[in-house]
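Data block below; observations after.
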C-alpha cells in the first residue's frame, strides 16, 4: 500500500507536460549562432533544427542544448558562487561538442570575475575496463587553466550520467589538480544538475563544484 505522503498529486503529470510545452515555446525557437557559408553541416544545439543527431549518441540526447544557471564552488580560498553557461551541440558526427564557461558572483549575485572554462567532446567508445561487453562514455576536455582531462563513464539511466577521470596532462603553466568524479542528470523541471568531486592533496574526493542550470536553447 502506498503511503499517503508518497501519493502523486492529482494532475501533476499533466502539469509537468504543460510546463515543458510552455518552456519549449521559447527555448525551441532558439539556436546557437553559426556561419552559414561553410560547406559542411552547421553545429546545432537544438534537436528541432539542423542535421539529425547520430544514432550512436541517443543515450546522450537529453544533454543537447544550451544551459544557464548558477552553482557553488569550493577552492583553496573557500566557498564561492558562480554563474555558468554550457553549450552542448552536434554536427551529425559521432560526438557532442561541449563548451562550459563560468564566472564568479559577488555577495549580491552580480558578476565579479571570469572563472573556469572548458571545451571538449563526448562520444561512446569500447569500454577500456570491459572491452568485450559494454560501451563507455568518453569525455575529453581541455581546461583554460592549463590541463587536459580524459574521463570515462556510463549512463546510470536515461537521464543521468557518471564519469571519472582516467588521465590528466598538465602544461608547464597549468594548475595542479587531482582527478575528478562527475555526475550529471536531468532533474525536476527539466533542468540540468551536476556535481563534481576532485581529489585533494590528501588523496580523497572532496566537493568541488555543483550547479543547476535551466534550458535556454533546445
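Counting starts with 1 at the first residue shown.
Cβ atoms here come from the backbone N, Cα and C positions, even for glycine.
The region 'Disordered' annotation in Swiss-Prot covers 1-24. Look at Swiss-Prot and you will find 7-24 tagged as compositional bias 'Basic and acidic residues'. Under the heading motif 'GXWXGXG', Swiss-Prot lists 65-71, citing sequence analysis as support. According to Swiss-Prot, the feature heme b binding site maps to 181, 208, an assignment based on sequence analysis.
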* Residues from the same chain, set at least six apart from the ends of the motif 'GXWXGXG' (65-71), whose C-beta lies under 8 A from its own -> 27, 30, 32, 45-46, 81-88, 102, 105, 109, 191-192, 209-218
* Within 10 Å of each Cβ, count the other Cβ atoms and name the one among the binding-site residues 181, 208 with the highest count. => 208
* DSSP helix/strand/coil residue counts for the motif 'GXWXGXG' (65-71) -> 0 helix, 7 strand, 0 coil
* Report the mean pLDDT of the predicted model across the motif 'GXWXGXG' (65-71), rounded to a whole number. => 98
